[in-house]
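K.L.:
A single structure is presented below for examination.
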Amino acid sequence: MENYGWNYPYYPYRPPRPNPPYPAPPHHHGSMSHSGPLDHHHPPMSYYASFDYQHQPPPPYPPVSYYASFSSHSDLSYSGRLDSSGHGFTSTASPHSPGMHIVPFGKASLKVLLLHGNLDIWVSCANNLPNLDLFHKTLGVVFGGMTNMIEGQLSKKITSDPYVSISVAGAVIGRTYVISNSENPVWQQHFYVPVAHHAAEVHFVVKDSDAVGSQLIGIVTIPVEQIYSGARIEGTYSIRDSNGKPCKPGATLSLSIQYTSMNKLSVYHSGVGAGPYYQGVPGTYFPLREGGSVTLYQDAHVPEGMLPGIKLGNGMCYEHGKCWHDMFHAICQARRLIYITGWSVWHNVRLVRDKEDPSSECRLGELLRSKSQEGVRVLLLVWDDPTSQNILGYMTDGVMGTHDEETRRFFKDSSVQVLLCPRNAGKRHSWVKQREVGTIYTHHQKNLIVDADAGGNRRKIVAFVGGLDLCDGRYDTPQHPLFRTLQTDHNGDYHNPTFTGNVSGCPREPWHDLHSKIDGPAAYDVLTNFEERWLKAAKPHRINKLKTSYDDALLRIDRIPDILRVLDAPTVSANDPEAWHVQIFRSIDSNSVKGFPKDPKYATSKNLVCGKNVLIDMSIHTAYVKAIRAAQHFIYIENQYFIGSSYDWNAHKDIGANNLIPMEIALKIADKIRAKERFAAYIVIPMWPEGVPTGAATQRILYWQHKTMQMMYGTIYNALVEAGLEDEYSPQDYLNFFCLGNREMVNGNNESGTGSASNENTPQGLCRKSRRFMIYVHSKGMVVDDEYVVIGSANINQRSMEGTRDTEIAMGAYQPQHTWARRQSGPRGQIYGYRMSLWAEHMALLDDCFVEPESLGCVRKVRTVAEENWEQFRSEEVSEMRGHLMKYPVEVDRKGKVRPLPGSEEFPDVGGNVVGSFLAIQENLTI
């Protein structure tokens, strides 16, 4: 299993804004620095007294009720104005002028309202903060090391290191950087934040950053009712302590906040849009690149004739890509560089497995060695699994079995350079945080970058991006065999982590994935990502400074005349029916890349977000939210995980799985129901997370997944009631979850290799007898309205979306000639062909209704096929399955209540509760 998670809140993007709504105060004491990992809504230090830091991490933040005593009915002192005529309180003086007068808001409202849109926030400054650091700075010196003493820091004035966290419904949506040693900090920091929260108040929590945690200084609350009209609230507020009293006489926070609802945000009203003015996803690190080419892949290989032909709108037939075949030939044809990033890279994997192809016996390691001997620069940037070791030649495989040490050893005496890259928290983080990040999180990107022929004796950059690692267990075709290829295509490549012990005669775990190839300017952004990561990972640290530096391994392509630069890269005219516009997104932070601004004040200029001691690119989350909000007809998702929007669950609201994606989908459907318009969401996930389904971690993930489903179906049911449609339609007429599975009969070749007796009452024995197993959905992709596609390495959970956990990369792309806005009807371009090809793979049929996925007829047809396949899968009778798409084994009643499917409370053969169990395991391992 690749993905567990720790429970940190998420941080949205903040596109730049030219000027703050009010001037900065004339004074500022203290130097600026950003420090520490992501913030967790820490209360005073006494709150943590009962926690053993060596055996469990501290809680992320207290529940919302923690703040109730000092946020709900406190008399909030306020000065300033509401930016709409006839509303609010005004001050004729500048918010910072000596003549400013304080006007109380009165009792704060507790009315809960839905904030669905964007918040435009400025946090300007604080004044007269209390000094909380005299005691805790001393502790920081003792526990944080003696370097401060060496540098003479103790001679400086010791006072608070303040920052501000902004939260809605208990979910942190933004935070300022830390300003060291200042009682009058000036941030002038802008936030442009997507929200999809039911909330009564917006909290601005002022904290003091310490080496051993954070202390609560005080809080300012803004009632949602005050901003719901869209008026801008702007002013200076008294900072209150936990008793509702000023934390210090004269302690204030200056801010402004404005809410814009979805119906006023035109960028979300017309999908991709038409014309030259569409700028892609705003507020991201990499821009939209026009005039590229994209190839979309399903599975590692699609043999000729395995899938039916699909007619496109231009009269052409959709061409099914052969991912690993194309990767193999791209490597073979490289002349200058081959760069690979991976969660896992195995030198012994075979990319080509067609019997008639002479390359079928070539191993990846041999190919890369051969290319490096030709003078090609071959660099591998692979996650360093901390549980694998190579000590004095003795290697341990590691818990994840990534082959990292094995692959490094294979290339040891070659010119191929392998850099094993641990997931580091950064030296300015606490020791606890460094251990936490290094042990739990991973480098999860999967890329291949090569130079390719550009004509005229010139070279260009081509990149492959998606979910497929170049390692064992990944090669598969749309047939997803269980037993029949164990002695052929999968000989020496058996992978099924569900089983422990003897696996003789057991089914392999079929692997379904999505990938892409990018040819054009956006490929250079993938190269930039590799270069930024390599330079950061290659930088020597501490004792490693004695080792060889990898800094000079990267090719300087600007000094190689025959490689075209990004501005010179060949492009396709936007009028060409096959043109693509492509944008690269990431989840990554400044601890994993070199090139982010050193001063957090400049984060906004790069569309980065501030965390404690870290700058964050979380543009994958931004891209998903933008695409879902802009969807007009349907959403099709395949993903390895589906967990999020925990702030709106019916329990465990505070675990920190705060990404917006599930809630945005549910609210999109609810909006369409109220508008009496059709909309459908299809979500394909694995039957269970990879591993043992009865295990504590797996059960906890399934439990969170169930909570996510329940929240979404509940939101949809409420919308049906509001529209008076609850008797006519059910929630599953709009949203459905599916999984994939296969079942094979024994053929005459006795391909199964029966092994030990098949009547043993173990998962192995039961699977040998039933000849069935799930197809593992490892995909990380989304299709919206057949006009926009997202494919990458990021799962839909907190660790992939947050930016400070796993490092991720994705591409978002569309064809400008194949959009709803241009055609005024359903697009029939490559994205349409890709989605139809995936459905043909999963259902073994192409129905006429599939061309309109939003239609009720299509939704019910797909659900019927999936229900029939599930019944065939769970039956005692062994039969050959043609289609693989199955109903996820839960029952959703007309009121949106989600329960295990009767008779299928546990997964067939392998056990484990379908809706999971709340077992005693740290939730930060599973979100």
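The first residue you see is number 1, and the count goes up from there.
Glycine residues also receive a Cβ, built from the backbone N, Cα and C atoms like all the rest.
Sharing the features that Swiss-Prot gives for it:
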{"type": "DOMAIN", "residues": "104-237", "note": "domain 'C2'"}
{"type": "BINDING", "residues": "Asp299, His480, His512, Glu841", "note": "Ca(2+) binding site"}
{"type": "DOMAIN", "residues": "439-474", "note": "domain 'PLD phosphodiesterase 1'"}
{"type": "ACT_SITE", "residues": "His444", "note": "active site"}
{"type": "ACT_SITE", "residues": "Lys446", "note": "active site"}
{"type": "ACT_SITE", "residues": "Asp451", "note": "active site"}
{"type": "DOMAIN", "residues": "773-800", "note": "domain 'PLD phosphodiesterase 2'"}
{"type": "ACT_SITE", "residues": "His778", "note": "active site"}
{"type": "ACT_SITE", "residues": "Lys780", "note": "active site"}
{"type": "ACT_SITE", "residues": "Asp785", "note": "active site"}
K.L.:
Using Cα coordinates, what distance in whole Å links Glu841 (Ca(2+) binding site) and His778 (active site)?
P.N.:
15
K.L.:
May I ask for the distance between Asp299 (Ca(2+) binding site) and His778 (active site), taken between their Cα atoms and rounded to an integer number of Å?
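P.N.:
So the alpha carbons of Asp299 (Ca(2+) binding site) and His778 (active site) sit roughly 10 Å from each other.
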K.L.:
Would you count the other CB atoms within 10 A of the CB of Asp451 (active site), including those on all shown protein chains?
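P.N.:
Taking every protein chain into account, the count is 27.
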K.L.:
Using a 10 Å cut-off, grab the number of neighbouring Cβ atoms around the Cβ of His480 (Ca(2+) binding site), all chains included.
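P.N.:
So the Cβ neighbour count for His480 (Ca(2+) binding site) comes to 25.
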K.L.:
In whole Å, note down how far the CA of His444 (active site) lies from the CA of His778 (active site).
P.N.:
13
K.L.:
Which Cβ among the recorded positions (His444, His512) has the fewest C-beta neighbours inside 10 Å?
P.N.:
His512
K.L.:
Going by DSSP, give the three-state secondary structure for Asp451 (active site).
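P.N.:
DSSP call for Asp451 (active site): strand.
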K.L.:
Average the pLDDT scores across the domain 'PLD phosphodiesterase 2' (773-800) and report the rounded value.
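P.N.:
Result for the domain 'PLD phosphodiesterase 2' (773-800): average pLDDT 98.
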K.L.:
How big is the gap, in Å, between the Cα of His480 (Ca(2+) binding site) and that of Lys780 (active site), rounded to a whole number?
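P.N.:
Distance between the two Cα atoms comes out at 18 Å.
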K.L.:
Between Asp451 (active site) and His444 (active site), what is the CA-CA distance rounded to a whole number of Å?
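P.N.:
On Cα coordinates alone, these residues lie 23 Å apart.
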K.L.:
From the recorded positions His444, Lys446, His512, pick the residue whose C-alpha lies nearest to the C-alpha of Asp785 (active site).
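P.N.:
Its closest listed neighbour, by Cα, is His512.
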K.L.:
For Lys446 (active site), what residues in its own chain, 6 or more apart in sequence, show a Cβ-Cβ distance under 8 Å?
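P.N.:
Long-range Cβ contacts: Thr341, Gly342, Trp343, Val465, Gly466, Gly467, Leu468, Asp469, Leu470, His515, Ser793, Ile809.
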